[in-house]
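Visitor: I grabbed these lines from TrEMBL:
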ACT_SITE  B:S146  active site, nucleophile
ACT_SITE  B:D312  active site
ACT_SITE  B:H345  active site
BINDING   B:R218, B:D346  substrate binding site
DOMAIN    B:41-349  domain 'AB hydrolase-1'
Protein chains: 2
Amino acid sequence: MKIETKTAHFSSPLYLESGRILEPYEIAYETYGELNEEKSNVILVCHALSGSHHAAGTYEGDRKPGWWDGLIGDGKAIDTTRYFVICTNVIGSCFGSTGPMSESYPSLEPYRLKFPVVTIKDMIRAQMHLLSDLGIYHVRAVIGGSMGGMQALQFAVDYPNFADDIISLAATYATRPWTIAFNKVAVEAIRRDPRFKHGNYAKDDFKEEGLDGLAVGRIAGHISYLSPDSMDEKFGRNYVSNDGLFELFGRYEVERYMEYNTNNFSTIFDPLSYLYIVKAINTFNLSRGYDSLYDAVSRIKARVHLVSFSSDYLFFPSEMEHIAKMLERNGQEYTYLEVESSYGHDAFLVELDKFDQHIKDVLK
Amino acid sequence: MKIETKTAHFSSPLYLESGRILEPYEIAYETYGELNEEKSNVILVCHALSGSHHAAGTYEGDRKPGWWDGLIGDGKAIDTTRYFVICTNVIGSCFGSTGPMSESYPSLEPYRLKFPVVTIKDMIRAQMHLLSDLGIYHVRAVIGGSMGGMQALQFAVDYPNFADDIISLAATYATRPWTIAFNKVAVEAIRRDPRFKHGNYAKDDFKEEGLDGLAVGRIAGHISYLSPDSMDEKFGRNYVSNDGLFELFGRYEVERYMEYNTNNFSTIFDPLSYLYIVKAINTFNLSRGYDSLYDAVSRIKARVHLVSFSSDYLFFPSEMEHIAKMLERNGQEYTYLEVESSYGHDAFLVELDKFDQHIKDVLK
């Protein structure tokens, strides 16, 4: 299938949870498969912090496919011969949807730090506008992992009649201080980097040499995406070269991995977008706006499918279990699967073979 | 008791594991209690990454006592009415012992990045020289937590006849990539900070305004010293002020804690010392120089007392248990205590009442 980014333009205001308004705004998205006549075969896929709307397929001339390509495609768990799959870039991101480096209409200047704080609730409200625009008022399922899993859960609570099935992987009911602390490394590293210039950098400042603060913050991120055991398996105590032991900057394999992944990332991802999306993750709390988490969860009408990973050190299985317990107590329809994995939080992107059958079953 | 720093000067060379030589060198230390005539009542206390030789008591005019003051003193677990307690500042540190900002004799210039890499083995060899200098060839016990616990274990292996009891808390047999990754945040944050100037900063550059890189790296450190549960208890999801939710830099309590602890630290601790000590922690491997960990451990003649903390996310209880299993298999004398705690790695500094009786019993 040919993969291309589409962009929807909205001149109507997007009312944000903060009380502020985003107007106009754009949403970049991709679709895979064909929409049927009844518009009853839609699956909405939600991406995580560093992801984009490019969830599946490979761009012409590109080598790397989308981030969930193993899951989405013809005959795959999310079968594009049967379903029409949509993935949108979240508001605040830097891959085509309106974010802090977008022009703040009517000025031609980017918003920068004047961009309003967006929340998970805002992200999904924007997606609802896009779907309405496409004439889609109901979807077969919403699915996502990590921040994508937060969005899926928020859809379930905020729009109870919107989806038949909600599939949330490696997420939580409310972001705990543990995760906020990991994000804090990135926030401080970016803020304090002189090249960040309090947000007043030029758009192409980091194309050649990424912002160090973002790279450093991302190292902390990568720690939280792995686990002590997965690092043992992946890297052990090996040095990149033999003389590493007695050289101050002699590197262990794990250090090379961190450098490689983060230096590259900092040339691609916009630091302001990183701050805004991290803020959206930090403020995620399914019970905000409701009397309690129980109250929020009891609004859900969709079947909820919770998937956690045994070695997830960012959002622990106990957090997903907590949601499962509330659904159970309330007699709501749900499934809960804890996948045995040593890949940590990353498992939702890596160990697809451990849960793709489960997703197939849900969508049968 | 009056607390004061003493400094021992050595003109003889310190042969390092790297093959390099440190000459001359100095060791700063403190002592508490009185040495008896037989010199048989010595307890050696080893400090952790950010610690110093100031383990107990309070300096004149100071408010804050030493880092293990709750454990060391008259009538306390390490009873200074019975024992003569010594704590030395490790080689490489910045509190009086020779480190990267010391003059590289005969030049008056600091070593900076030319300072040799030091290891845990080197740190304890230096301490052996100091004790010999004081006419002490055998001690009642060596005790320490975290990097101090590494030193205690290394004493047990390298100098089998040196101590009757080895007490190691919250440590490991070899630093795992998980911990190296946390340290990597600090290494990169410091290296990439322009004010670090590749190590060519002036001695008082950070007295007023600490090095951002060190502060940022220290945030990652503090994450690893706590645990998800301890953060829930300590901070919850509370904001510092009510308007935090929709302000990009509105801070959660956990963020304030991180800022407060790390900004202050970065005005006190030397960034080069931090890099060198972190390197010593990364390279810690009890089996290096021996055929295997089993071979290293089987050399031990002292009674070994291992204390781990259930919520330690830096050095997991399973790591101490691993050492215990080897001692068990080999029929060596040991005790293993896993302390139930939600304080994470920090518990060895904070929850003294949970293990001080155990230490009393060991020293009886």
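Cβ atoms are placed via backbone N, Cα and C, with glycine included.
Nobody curates TrEMBL annotations by hand; they come from automatic prediction.
These figures come from a predicted structure and were not determined experimentally.
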Visitor: Mind checking which of B:D312, B:D346 has the fewest other CB atoms within 10 A of its CB? They're the recorded positions.
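Guide: Relative to the other recorded positions in B:D312, B:D346, B:D346 has the fewest Cβ atoms within 10 Å.
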Visitor: List the residues of the same chain that sit at least 6 positions away from B:R218 (substrate binding site) in sequence and have their Cβ under 8 Å from its Cβ, in sequence order, or write 'none'.
Guide: B:A186, B:N261, B:T262, B:F265, B:S266
Visitor: May I ask for the distance between B:D346 (substrate binding site) and B:D312 (active site), taken between their Cα atoms and rounded to an integer number of Å?
Guide: 8
Visitor: Relative to the Cβ of B:H345 (active site), which residues of the same chain, six or more apart in sequence, are found under 8 Å away?
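Guide: Non-local contacts for B:H345 (active site): B:S146, B:A170, B:S224, B:Y225, B:L226, B:S227, B:F309, B:D312, B:Y313, B:L314, B:F315.
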